[in-house]
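J.: Feature table excerpt (TrEMBL):
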type	residues	note
DOMAIN	28-352	domain 'Aminotransferase class I/classII large'
MOD_RES	Lys218	N6-(pyridoxal phosphate)lysine
Amino acid sequence: MTDLTPQQGIMDIALYQGGASHVEGLSNVVKLSSNENPFGPPDSAREALVREAGNLHRYPSTDHASLRSAIAEVHQLEAEQIICGVGSDEIISFLCNAYAGPGDEVLYTEHGFSMYRISALAAGATPVEVRERERVTDVDALLAGITPRTRLVFIANPNNPTGTMISEAEVRRLADGIPSNCLLVLDGAYAEYVEGYDGGAALAATRTNVFMTRTFSKLYGLGGLRVGWGYGPKEIIDVLNRVRGPFNLSNPALAAAEAAVRDVEYVEKCRTENTKWRAWLAEGLAELGVPSDTSTANFVLARFASEAEANACDDYLKSQGLLVRRVAGYKLPNCLRITVGDEASCRRVVHAVRAFKDASQ
Ligand SMILES: *Cc1c(COP(=O)(O)O)cnc(C)c1O
C-alpha cells in the first residue's frame, strides 16, 4: 500500500477511450472510429518529415517561430498570438492548468468533447456540463450555467461527436454574454471542413477573453504526429507559454506541420471529397432508417432506434471489418459516430448497414 495520495479530482478522471483500430482475425479493416483523414497527410508533409531524419540529434526550437509564422501567413493572423502544442489536447490542458484550479468551474456542453472534463479535473477544477438542444450547443443554456466561479467555457464548433455547429452570430452572442473574467474557448478541430469558416479567429483576434484552438490531427491527417495550436490575446499566450514545456514539439512534428499548413490546395481537395461523401453517406443511411443531424465535420452521428440496435449494428459492422465509434460515454447511447472515409469505405458502411437492417427485419 502506498501512502501517496494524488491531487483532488485525479481519481475522478475516467481514462480516455480511443477509437478501436483492429479486429482479431480480420484483414481489410477500415478504421472509421477516430475522425482521421482517409487520405492521410499531404505528400509535402511526409517529405518534410523525412528531411528531418538528418536532424534528430538536434533539440527542436523552443519558440516554434517558423511554424507559427507559417500559420500566421496562411491564416492571416499575428504570429505572436499563436502557441503550438502536442495536439490541441495539450492546448486545452494548458488553458485548464493556467486558468482553473480548486473551487473553479469549467463549463462545456452535454455532448462536448471529453478532454474538457479530463483537463478540468486534472487541474483540480470542477467540470460543469450544460444541456444541449437536440444535440446542438445551446447558447442560452451556457450563459445560464455561468456562475461567479466559472473560469473557462469550452465549445467545439463544429462539435464532436454530434457534428453540428452553431452560427457565427450565435458564437458572437455567447462571447458577448460571457463575463470578462471568464475565457471562452472555441475549439476549431473541424473548422477546415467548413468552407469559409475561420474557426473563431476573428473573435479571438478582437476580444480579450476569447481563444481559439486548432489541430493538424483531423483534415491535415497528422494525428500520429501530435501538433495543434491556439490563437488569442497576447497576454493569454504569454501565460500559456509559462506552463508549456520548452521542447514540447519535435523537429519532425514542427517541419511536417509547417509543410502541411502551407499546402492550401490539399485542404481544398480534402474538404471537397469529405463534403461529397459525407452527404452520400448520410443520405444512404437515412434511406435505411438511420437518420443523422446535418454534419459539418468529417463524420456523421448515426441515430438508431435504441441503444440495443446501435450496439448490435456496431457488432455487425465490426464483424465486417468496419470500425466505428460507440458514443454512450457522450450520453448518446443510441448513436454511432462514423468517420467519413474514402468512397470505398462509405460504400462498405452503407452496404453493411443495409445487410444488418435486412437481417433484423
Ligand atoms: C480530435 C479533437 C481534438 C484534439 O485533437 P488533437 O489531436 O489533440 O489535436 C480537439 N477537439 C475536438 C473537438 C476533437 O474532436
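Yeah, the Cβs are placed from backbone N, Cα and C, and that goes for glycine too.
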J.: Identify, in sequence order, the residues in the chain of Lys218 (N6-(pyridoxal phosphate)lysine) that are 6 or more apart from it along the sequence and have a CB within less than 8 Å of its CB; answer 'none' if there are none.
T.: Asn35, Glu36, Asn37, Ala189, Tyr190, Glu192, Tyr193, Asn298
J.: According to DSSP, does Lys218 (N6-(pyridoxal phosphate)lysine) fall in a helix, a strand, or coil?
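T.: In three-state terms, Lys218 (N6-(pyridoxal phosphate)lysine) counts as coil.
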J.: Please give the average pLDDT for the domain 'Aminotransferase class I/classII large' (28-352) in this predicted model.
T.: 97
